[in-house]
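Taken from Swiss-Prot as is:
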type    : residues                                               : note
BINDING : Gly10, Leu11, Glu12, Gly13, Ala14, Gly15, Lys16, Thr17 : ATP binding site
Amino acid sequence: MRSNYIVIEGLEGAGKTTARNVVVETLEQLGIREMIFTREPGGTQLAEKLRSLVLDIKSVGDEVITEKAEVLMFYAARVQLVETVIKPALAKGTWVIGDRHDLSTQAYQGGGRGVDQTMLATLRDAVLGDFRPDLTLYLDVTPEVGLKRARARGELDRIEQESFDFFNRTRARYLELAAQDASIRTIDATQSLECVMADIRQTVTTWVKEQGA
């Protein structure tokens, strides 16, 4: 069966946009042309509104978004994107390149926020079932490096303004999950840009050839 859903994950400032460009270039060199791009949260009209609510520091004024409310908004945006965009594209044989997916919630909310892992797993199974990316590229970067890059881009969103401790917990959970799942490939994003790009090219090329896609 052809596998064609690739997701790019990582902390803020890990280089996901650059990685996406390298993935696209690599796939094109392998003769793959039909691709769409998604981001989470977002990617549909409803999901983009939810993105604004959950990430815009000013979206709800002084009201505090609770941890469970945050999780539910992320999943509402995700399931809308999966059901209305990603699954239909995959059914047509189109490749989908995603900026974040469920691993982000497991790492950020499960690791960073400390939300109960059993609750997250139950919710994920309820709304996504066995739907998973075929390949996830996790760009591993320390919070110190990643946030320095993110701050250089300009104003930070609500999540990006969290503490170093939050991002250290998030990174630790990412690494833990990556070690448990062979479909998640870890890329050392603290290397030079040239080395990171080379690692991504090699990883994607090898994986595609292994799939016979």
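Residue 1 is the first one shown; counting continues down the chain.
Positions of Cβ are set from backbone N, Cα and C atoms, glycine also.
A strand conformation is recorded for Gly10 (ATP binding site) in the three-state DSSP classification.
In three-state terms derived from DSSP, Lys16 (ATP binding site) belongs to a helical segment.
Shown in sequence order, Ala19, Leu139, Val141, Gly146, Arg149, Ala150, Ala189 are the same-chain residues outside Gly10, Leu11, Glu12, Gly13, Ala14, Gly15, Lys16, Thr17 whose Cβ sits within 8 Å of the Cβ centre of the ATP site.
Cβ packing within 10 Å was compared across the binding-site residues Leu11, Glu12, Thr17, and the lowest neighbour count falls to Thr17. Close to Ala14 (ATP binding site) in the fold, though at least 6 residues off in sequence, lie Leu139, Asp140, Val141, Gly146, Ala189, each with a CB less than 8 Å from its CB. Sequence-distant neighbours of Gly15 (ATP binding site) (same chain, six or more apart, CB under 8 Å from its CB) are Leu139, Val141, Arg149, Ala189, Leu193, Val196, listed in sequence order.
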